Amino acid sequence: CTRCPKAFKDKSTLMNHQRVHSSEHPFTCDSCPKAFKDKQALIKHQRVHTREPSFMCDSCPKDFRDKWSLTTHLRLHNGVRPFACPRCPEAFRNKTALTVHQRVHTGELPFTCAHCPKAFQNKHALTQHQRVH
């Protein structure tokens with residue numbers, strides 16, 4: 001990859017990976033306006049339109065379609081943060097939050113403004129910036 005140190009065995013995997021550095025979401029749901037960076041994420045999302053929730057949280061009224069989502073949610077209630085940063089004492093409830101945090105250490109700016117050369121560590125910062133255009 002030209003934007004980060006990751007390497008891939010084949011071109012299609014590299015192309016899929018490169019979407020993490022862009023705002024491209026080519027896989028769209030037929031049942032709602034949501035779009036995704038990869039086909040697997042779309043397939044997983046489409047289950048929300050076909051299945052009933054079956055995993056209930058004992059601490060609040062939320063319910064989930066799979067055990068993994070419930071387990072991740074429960075960390076909000078129990079304070080467990082299993083994803084530790086290897087460079088500082090910070091720890092996070094999920095891997096995505098850790099990945100976003102690590103950009104503080106790496107300087108990675110994967111979200112680029114389409115209107116100017118500025119780039120940002122997270123999508124929220126880009127969205128805030130784009131209001132100036």
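In case you wondered, yes, glycine gets a Cβ from its N, Cα and C as well.
According to TrEMBL, the protein carries these features:
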| type | residues | note |
| --- | --- | --- |
| DOMAIN | 1-26 | domain 'C2H2-type' |
| DOMAIN | 27-54 | domain 'C2H2-type' |
| DOMAIN | 55-82 | domain 'C2H2-type' |
| DOMAIN | 83-110 | domain 'C2H2-type' |
| DOMAIN | 111-133 | domain 'C2H2-type' |
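Between the domain 'C2H2-type' (111-133) and the domain 'C2H2-type' (1-26), three or more CB pairs separated by 6 or more residues in sequence fall under 8 Å, so the two stretches touch. Note on the domain 'C2H2-type' (83-110): DSSP counts are 12 helix, 4 strand, 12 coil.
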